[in-house]
Every structure is written in structure tokens, then in C-alpha cells.
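Chemist: Per TrEMBL, the features are:
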TRANSMEM  B:20-41  transmembrane segment
TRANSMEM  B:61-83  transmembrane segment
TRANSMEM  B:89-117  transmembrane segment
TRANSMEM  B:129-153  transmembrane segment
TRANSMEM  B:184-207  transmembrane segment
TRANSMEM  B:219-238  transmembrane segment
TRANSMEM  B:316-341  transmembrane segment
TRANSMEM  B:353-376  transmembrane segment
TRANSMEM  B:404-423  transmembrane segment
Amino acid sequence: MDEFLMFYAPFIVLIGAIIIAFIVAPMDGAATRPPKEKKK
Amino acid sequence: MGNEEAVFFSRLLTELTLSFHIIYATIGVGVPLMIMIAQWVGIKKNDEHYILLARRWARGFVITVAVGVVTGTAIGMQLSLLWPNFMELAGQVIALPLFMETFAFFFEAIFLGIYLYTWDRFDNQKKHMLLLVPVAIGASFSAVFITMVNAFMNAPKGFDLVDGNLVNIQPLAAMFNPAMPTKVAHVVVTAYMTAAFVLAAIAAFRLLKGSDHVYHKKALYLTMKLGLIFSIGAAVIGDFSGKYLAEYQPEKLAAAEWHFETEGKAPLMMYGVLDGQEVKYAIKIPYALSILAHSNPTAEVIGLNDFPEDEIPPLYVHYLFDTMVTIGVLMILISGVFWLGRHLGWRFIQSRWFCWLLVAGGPLSIIAIEMGWWYAEVGRQPWILRGIMKVPEAATTSGQVDTMLYLFALLYLVLGVGSVIVLRRMFRRNPVEREIADREQARIEEERVKGGDLS
């Protein structure tokens, strides 16, 4: 198990993070969404 | 100058050079991916703001590359001049990735030049973005190859040592040494993380200074989101690094955690002070060191008392390690809260104090990078090539290293101040609002001309 975590998992996480970055980057609906109004 | 002084000044100069270079190198590795993602979003959403983000980041990136080239060359030169015995020995085995790093840089630089000068030459933006692929790959692989050399210093493999000579040399085995995967992945992912938070800090600063343009809001949201992804990645790979250290460099892990006795159920020590071998005022997290080292809360972790006294790294590395981890966790929290707050409409994420926190995230990430590298280097002491050659054996005996130190310090001062002045002037003289208006005007003009041609 430790062998996998030391030798293969780092690259899987790195490449996975890059792929996730490209997938979620265009989802920018919240970038300009106004904050919630304060409850009166 | 005696040999001790030569070693001292060689260490000081190398530390200064690496500490300065790593700022530009980290940004140089991380920013191309950010430019590529911004351009990709711009093309996908047909949004000019993201295209402009890519254009402006690319302009700033060129300045950091220029400085990185100078400091990178200084490192190459200093490796041979300050550590000749190390290069003579290790160069036989690990020269290949050193050369490959140079080729990766050329690969990046050539395509970067073409990319910059062809912004308006492509009708299809996708084709232009393809030029960024080799730039991003070249930048990241520069980091991969040079980190392979550093990993080799920590876990030298790929040769047999017979009577002080290296025989049966296998360069590929040396490159793919046990330290390589965790070190390379951690360096690359933290470069992406730092680049994202530095760019986020710039956007947050513009918002704080009164610019309410949607361009900055999009830039901030994009970079904080990317920062969150890569900082989580850095934490996960950091955990894998703990497993590597426990297996191959247990003294380095034990020094970082002030772990003296070999024992199971080992706690993780955060902060505190050391009184002899007693740790005072620390936050102890039960079982956490055993989990970090072996993914098992009861696993035995080797303590510092199992090593000869002259092979134990300086124990102040504990603070370097803690600072790095604290900033890493803080950045996950800040970016996570920002992302959640944007989605859930939390008002406080638009407050001035939170914006200042986002601005601080840029320099904090760079401090984390510095602490990480200092821990990596000081934690390997007293070895330059672990188990084979100690630092004093590797150093030059030249009497002029102190003069070199002063001259290089002056060079870095000029480069540092110069690059900040150039970047500030570059963006102040051409603010986003004006550039957006100019581009809109140019687009209308172009459409009018096209319309005229058709009629």
C-alpha cells in the first residue's frame, strides 16, 4: 500500500488535479453573483 | 579564508540564490497553466474577459521568465564553482536530467515567443491556444527534471560505490529514484497553487483599490477556485511525502516532528519549544505522526535517538515544516470559504478584511514555498548526497566566495527591484478598463471594415 502511495499516487493526484481544474474552470456562475440580502 | 569559511559562504550563497530563484521559478512553472486555463475558459464561454486575462498574465509572465533565466544560470554556475567535488561525483550519474532541464526550458521559450507574437494572427483562438501546450509542458518539465536532481541528492540510486568510485551507472534508475515521485509531484502542484494565489492576490488588490470591474471578479473567482484544487492536491501529496520520508529518510521526518524515541502511536507536534529533548507548549495531535508515516495509528515511527549525533539535521527544521503546513492549511480554508461563500451568497467574503486576507494569500504562498525548500535542504543535512558525501567534503576551497556572495546579493537586489518596477509600470500604464475599451473599439472597427468589404 505504502509503495503505491509513494510511487504512483503522487502523479495520479497531480494529473487528476489538472484535469479537475480544466473541468471546473468554466463554471463561473458564482463569480458575479450578488450576495444575499440581509434579513430585516 | 579557511575551508570552514569557504563552506559557510558557499552555503550562504547557495541558499540566497535558491531562495531568490524559487520565487521566479515557481511563478514560471505555475503561471503558464493558469494562462492556458483562462484562455480555455475564454474560448469555451466566448468571453473576452478571460481572453484578456490570458493576454495580461502572459505579458507579466515574460518578466518573471527573464529573471528566472538569470537566476537559473547563476545556480548552474554556482553548482560547479561552489560544489565542485559534488558535481564531479554526482555529475557522472545525474547529469542527464540537468541537461534535459535546459532542453525543456528551450522548448518552453521558443513556443512562448511564438505564442506572444501571434495573438492576433489566428482567426481560430483554439489554434493559438495550442501554442501554450508546449509552453506549459516545458515549464512543468523544467521543474520535473531539476527536482529529479534534488530527489537524487536525498535518495541516491542508480550506481554502485566501489572504493569511492561510482560504477555500474544507470542514469534512468538515478532519475527515477525513490524520492522522485513525491518530490516532483509536490513541487509541481505547489507551483500551480502558488501561481493561482499570487494572481488571486493581484485581483483582490484591484478590487480593494476601488475597481469594481467584473474582469477582476472573474479573475478572483477563477484563481481562488484553482488555488483550492491545487492546495488540496498539495496536502494529499504532502501526506504521501510523509510516507516516503518515514521509509527512506526517517531522520528528516523525526527532526521535523521533534520525535526522539522510536515508538508506536506517535503524536504529531505542532509548534512548541524544545528544552533538551523535552517538547514544551506544543499542540500534540495523538496518533497523527504514525498515520502520516505509515497510514496506521499504532505504527512505529523511528526516532532521532536511533541515529548518530553527527547525522541528525538541525532541529529548527521543525519550525520550517510547521510554517509550511500551517500556511498550506490556511490557504485551503481561505479558498474553501471563498468558494463556498460565493455559492451561498455570504456577504463577509466581499468585506475589506476578507479581501485583505486574499491579498495576503499571495505572499503567504510564496513563504510556504520558501519554508518547504528550506526544510527540504536543511533537513538533508549534514549530507549533500545522502549517505555518500557530506556538505563540507563537496565545497570549494576558494578564498573568494565571500566576494561572490556580495556581488550576487547585489545582482538579486537589482533584479528583484527591477522586475517589480517593470511589472508595476507595465500594468499601471495600461489598466484593464482602458484595454477592454480599446479592444472593444478595435472589434467594432474591424466589424465595420468587414461589413464595408461585403457591401
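Any Cβ shown, glycine's included, is placed from N, Cα and C.
No curator has checked TrEMBL annotations; they are predicted automatically.
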Chemist: If you count every Cβ pair below 8 Å, which range out of B:89-117, B:316-341, B:404-423 shares the most with the transmembrane segment (B:129-153)?
Modeler: B:89-117
Chemist: Please report, as numbers and ranges, the same-chain residues at least 6 past the borders of the transmembrane segment (B:353-376) whose CB is under 8 Å from any CB of it.
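Modeler: Contacts with the transmembrane segment (B:353-376): 15, 18-19, 22-23, 26, 150, 154, 183, 186, 190-191, 193-194, 197-202, 204-205, 207-208, 220, 224, 227, 256, 317, 320-321, 323-324, 327-328, 330-331, 334-335, 338.
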Chemist: If contact means at least 3 Cβ pairs within less than 8 Å, sequence distance 6 or more, would you call the transmembrane segment (B:404-423) and the transmembrane segment (B:89-117) in contact?
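Modeler: Answer no: the transmembrane segment (B:404-423) and the transmembrane segment (B:89-117) share fewer than 3 Cβ pairs below 8 Å.
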Chemist: Determine which residues of the chain contact the transmembrane segment (B:89-117) at the Cβ level, with the cut-off under 8 Å and only residues 6 or more beyond its ends counted.
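Modeler: Sequence-distant neighbours of the transmembrane segment (B:89-117): 32, 58-59, 61-62, 65, 69, 72, 76, 128, 131-132, 134-135, 137-139, 141-142, 144-146, 148-149, 152-153, 156, 158-159, 166, 169, 171, 174-175, 385, 388-389.
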Chemist: How about long-range neighbours of the transmembrane segment (B:316-341): same chain, 6 or more residues beyond its ends, C-beta under 8 Å?
Modeler: 193, 197, 200, 224-225, 227-228, 231-232, 234-235, 238, 252, 255-258, 269-271, 274, 348-349, 354, 357-358, 361, 364-365, 367-368, 371-372, 374-375, 378-379
